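Everything on this sheet refers to the single structure shown next.
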């Protein structure tokens, strides 16, 4: 009995450790990106270049882990047709999300960017309805209205609003919503189930190519114009490594807990980012209206998560076979690794 109790306590401790690791890495990565892009010491105001570096680093590391060291096995079932019709769109939308989201940090505060991201479920739902993956209902309309109202109130309370930054952030939100829709289509219609490492193994090279083309035209000339490239190798390598570690922490949390846990942890992380950024960055000025609007939006996001989890639970129940063996389902969790 004592051994069993100790084992339970050890498992519980490990679970909480993974959750705290995810919150710390997710929040820290946002602050790290903001600092790299805006710091005069680093002098690297190139969101496209930074995101491209992340994807190249992730591609190389995934290849080493799966093909050289063989620590992680790449999931089977990928075909050329699936890669072209599903993985490439996912990679392109992932690149768009990270590029536009990181660019927004040059114009708006981390806290305000996080508040605008709360509109994500609305974008996912609207695109899901258009793709035939979601059904319109009065309950969902109410939830979407609450989230939208909260984001509007939070935006109204922003003291130093920059509409260029808002446009970039909203573009990132649309890109992330499209990525999630393509992910759901990949699972539902193609029947492919990938763990995060396998997903990054396939997606990262595609995202790197999608980022390389606009980088050539939009940022390379600026970097060349500033003289010889002066990379802070240690800082940028650590930044890329933290991005990869964040993806790994998501895998660990999901494998040791549930979709509900990662969603609750995500809400906690959002509040941590908003509040801590007010202490770290001079461009963050929170107001009562800001926080009130964000609280309304988060309440709507919580209601949305609860609705989705109940829907997934009902699917598991209805898709259980007569002999008691359940058909495995894959639920996609919104885990933006860099924003």
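One is the number of the first residue shown, and numbering goes on along the chain from there.
Using the three backbone atoms N, Cα and C, a Cβ is placed for every residue, glycine included.
TrEMBL entries are annotated by machine, without manual review.
Annotation source TrEMBL lists domain 'Sugar phosphate transporter' at 18-305. The region 'Disordered' annotation in TrEMBL covers 315-339. Here TrEMBL flags 12-32, 44-66, 78-100, 106-133, 140-157, 163-187, 199-217, 229-253, 260-282, 288-305 as transmembrane segment.
Highest Cβ pair count under 8 Å relative to the transmembrane segment (260-282), across stretches 12-32, 44-66, 78-100, 229-253: 12-32. Sequence-distant contacts of the transmembrane segment (199-217), counting only residues of its own chain at least 6 positions beyond either end whose CB sits under 8 Å from a CB of the stretch, comprise 48-49, 51-52, 55-56, 58-59, 62-63, 66, 74, 78, 83, 87-88, 90-92, 94-96, 98-99, 244, 247.
By number of Cβ pairs under 8 Å, the transmembrane segment (44-66) is matched best by 229-253 from the list 12-32, 78-100, 106-133, 229-253, 288-305.
Annotation: stretch 163-187 has the most Cβ pairs under 8 Å to the transmembrane segment (78-100), among 12-32, 163-187, 229-253, 288-305. Within its own chain, the transmembrane segment (229-253) is flanked in space by residues 18-19, 21-22, 25-26, 28-29, 32-33, 36, 42-44, 50, 53-54, 57-58, 61, 195-197, 200, 223, 261-262, 265, 333, 335, 337-338, which lie at least six positions past its ends and keep a Cβ under 8 Å from the stretch.
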